[in-house]
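Colleague: For reference, the structure I am asking about is given below.
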Amino acid sequence: MATNPGILSEWPWKRLGSFKYLVLAPWVAHGCHLAATKGWRELDLGYVAILPSMLLRALHDQAWITVSRLYNARGKRQIVDRGIEFDQVDRERNWDDQIILSAILLLLGSLYLPGGQNLPWWRTDGAVLLALLHAGPVEFLYYWFHRALHHHFLYTRYHSHHHASIVTEPITSVIHPFAELLAYQLLFSVPMITCALTGTASIITFEIYVIYIDFMNNMGHCNFELVPNRLFEWIPPLKYLMYTPSFHSLHHTQFRTNYSLFMPFYDYIYNTMDKSTDTLYENSLKGKEKEVDVVHLTHLTSLQSIYHIRTGFAQYASKPYTSMWQLRIMWPVSWLSMVLTWAYGSWFTVERNSMKKLRMQSWAIPRYNFHYGLNKEKEAINDLIEKAISEAGKKGAKVVSLGLLNQAHSLNGSGELYLQKYPKWGVRLVDGTSLAAAVVIHTIPQGTNQVILAGKISKVARSVAAALCKKNVKVIVTNKQEYHLLKPCIPENEDGNLVLSTTSTAEVWLIGEGLDDAEQLRAPRGTEFIPFSQFPPKMARKDCCTYAMTPAMGVPESMQNVHSCENWLPRRVMSAWRVAGIVHALEGWSEDECGDAVLNLEKVWSAAIMHGFRPVAQL
């Protein structure tokens, strides 16, 4: 909210939460009633087209969000080189409120405004009139209204809410208190009301005008420069009639300049044009994709995960991943997204972070979990990972964190395949085993003298078992095959601490993938389940048993541009595998951690703590 919220700041349907679209139900019912009683041929097409057009507006806005976040993740042509945080995402989560308000105003106008009924598809005279009214009265009135909003009285009560976002995203354009946005909507309706009253209104003219406002609003707040300089060279007067993202970005950083809506000529007339506008515009166009120090490789998990990545739905990505019915019914779109990402055939940047002087990016391999179980995908996946690592080296990366790609051990030996092919690559490959194992060990309650280790035996499981046996903690395995897999990892003088038994009453279970419900039900009441896997286990026990988080650590305050959750993890928490790559780069270690290689667990843990990463229990 604003610094000192004024009257009508809160949106009327705020208390409805996710059910706010119910406010449109009366018009939906009315439209259905008209269709049932009059038939489609006698319907007022302008009236019934309003709600579908609002859906198209939402899709248009979402497209801008996705494109903007993809560009800003790469750092190309970026205007303000700063990140955004969760508080901004939360503040901007209700960007669709303005679409609901627009729909209500348009529906009321179509029903009750003289000349607003049974509009023709097109009228040229109405289009010309609307364009002139926007360039004249609308732009002029907006300019002075906007300047008034920067007066202390109105700024603290209304406009400061919008300016809380220094680094803008497309949806920032419509984040205002209710009263302020209502004033904007009424101002933008002046040309449409005039056209209706003069009998020159048309459906296409109104649709184009609404799309124009959305397009220019989104473009002006996207924080990367996309308007080519050639456009202004070809049409010099256009600089007075069309703003750029860098033009409006200066308004958010300087506050007292560049007040115009979409046409900067009023800033020229009243001498409020920022003197650095042209310089910032040219420098932003020259901005190249930034070099990177650490690349975290990951991949999509379930079909719905496409919406949870940073470039998907901002509100959804800002919370731990959960399956939602709203997204499940979008399965045709999910399948189409899967096909498109698969056909794209290359990694794509989904996130950019910084910590101290370290620059980090997360790259997604366009494959889902199930692809790793398909033999025909083995070669393609390895080729994608190999190309991504090679490209990371070209961009200056010192470390590549394999992240979720660790599950591809059977495909490439946790990265060993790439080291064998390119021994002089120059990029350190880190699978994060040591830190993940250290997190598991430090999650075990102090004083524990025995644990049960169950589930699929991974590299992390072997490291944990070896470290616990060294500390004289009994590691009990209930499966003979798993026992024989672990036995060679334990030194002879410590292998007495590795026990094969099916009758243990240990109340700490270290669990991996593949642990079924029946095995969990064998655990005594009050058991603490601690995963060593990358994916969270199915929680089969509800009787006083507890389940720890998958190996992860809280990130330090110095890490910036963290405004999405990593899969199922809470805010500002990263998986241990991802943190390991960051720590590796911060420490400047020269060795790889992939294949069978494992770094010293306590050394890696101490380094992570020293750099500000925290155990989840301390958050």
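Positions of Cβ are set from backbone N, Cα and C atoms, glycine also.
Annotations in TrEMBL come from automatic prediction, not curation.
Since the structure is predicted, the reported quantities are computational estimates derived from the model, not experimental observations.
According to TrEMBL, the protein carries these features:
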type     : residues : note
DOMAIN   : 136-272  : domain 'Fatty acid hydroxylase'
DOMAIN   : 451-615  : domain 'Very-long-chain aldehyde decarbonylase CER1-like C-terminal'
TRANSMEM : 99-115   : transmembrane segment
TRANSMEM : 127-145  : transmembrane segment
TRANSMEM : 186-212  : transmembrane segment
TRANSMEM : 329-350  : transmembrane segment
Colleague: Are there residues at least 6 beyond the ends of the transmembrane segment (127-145) whose Cβ is under 8 Å from a Cβ of it, and what are they?
Modeller: 183-184, 187-188, 190-192, 194-195, 198, 200, 202, 205, 208-209, 241, 259-263, 266-267, 270
Colleague: By a Cβ-Cβ criterion of under 8 Å, what residues six or more beyond either terminus of the transmembrane segment (99-115) are in contact with it?
Modeller: 13, 20-21, 23-24, 27, 44, 46-47, 50-51, 54, 57-58, 61, 181-182, 185, 189, 192-193, 195-199, 201, 206, 210
Colleague: Averaged over the domain 'Fatty acid hydroxylase' (136-272), what pLDDT does the predicted model reach?
Modeller: 96
Colleague: Kindly report the helix/strand/coil residue split of the domain 'Fatty acid hydroxylase' (136-272) according to DSSP, in that order.
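Modeller: Breakdown, helix to coil: 95 helix, 1 strand, 41 coil.
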